[in-house]
Amino acid sequence: MLNKNNLSTLCQSAINASIEAGKLIQSQVDQPYTQQEKQGGDSKASQVVTEVDFKAQEIILQHLKSGIDQHDLGLLTEEAADDQSRLIKDYFWCIDPLDGTLPFTQQRAGYAVSIALVSRSGDPVIGVVYIPDEDLCYSAIRGEGIMLNGKPFNLDKTTYDDSLHVYLDRSMQGGSYFQDLKDKIKQWAEGQNYTNVNYHVGFGAVRNSLSVLSHKNACYFKFPKQKKGGGSIWDFAGTRLIFEELGLPVSNIKGENLHLNTPESTFMNQQGVVYASAEGIAEMVMKFNRAFDHDSF
């Protein structure tokens, strides 16, 4: 069992790793690099990978190696095969060295570095996210709140915004159900006296999640589906803890614990995900999820 001092040391290692990897990523935005496709994803965004992803991963692993050896930690990282250590060790590092590779290759906002330490039971105990193009580092240890660039972070609850902000993956826009979903959300929003519904598309999952924090009324969600995909454990491990430490809704599509270590697969398509700024908005997403036939997704 890791004690408070262990977690603090491991968290600092993850912070250092994320920042160094992020600096490398940002330095390569407008530089030439090799790009290829990988198997297993269900969208263009999940299939693109660059040499920058691998270089960032190498940097992160160099920072985390001593802690892995000292505490016998498992490892799950996007750009390497799942060695199943996550199912054996008490804790495992869960790493996305460059979430949002597609926006990175398009030289636009939407990418981030995410590192989390997750228990074998599927609950994060450390969460670190670095946003390279904004030089922002969010870090969390379970039970100790959130730090932003080394200082305590609290939500700004004074901002008044009478719009509902909905963050989506680009793939959801292409769904046959999307227009029907938009109609339902619009009707619900009008009933809640929101003046408008603003859709934001094009970020990676990590930035989509954190963007919810920028608004009084916002959500990011992915409906469950039969087809493999729907994001992976590393897309949500860091941000789940950040939301929990802030007391904000984060769950699977049924409102249950967002499990981050299912033995069968690293994909999250069976669970779906919900991030929201308020319980009522999360409940709206879960309600509308039940209105669609997920076999067609």
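A Cβ is built for glycine as well, from the same backbone N, Cα and C atoms used for every other residue.
Bear in mind that TrEMBL entries carry predicted annotations, made automatically and left uncurated.
As recorded in TrEMBL, the features of this protein are as follows:
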| type | residues | note |
| --- | --- | --- |
| BINDING | GLU78, ASP96, LEU98, ASP99, ASP235 | Mg(2+) binding site |
> In this structure, which of the binding-site residues GLU78, ASP96, ASP99, ASP235 has the fewest other Cβ atoms within 10 Å of its Cβ?
Replying inline: GLU78
> Among all the protein chains here, how many other CB atoms are within 10 A of the CB of LEU98 (Mg(2+) binding site)?
Replying inline: 29
>> Quick check: in three-state DSSP terms, what is LEU98 (Mg(2+) binding site)?
In response: strand
> For the Mg(2+) site given as GLU78, ASP96, LEU98, ASP99, ASP235, which other residues of the same chain have their Cβ within 8 Å of the site's Cβ centre?
Replying inline: ILE95, PRO97, GLY100, THR101, ALA112, VAL113, SER114, GLY204, ALA205, VAL206, SER232, TRP234
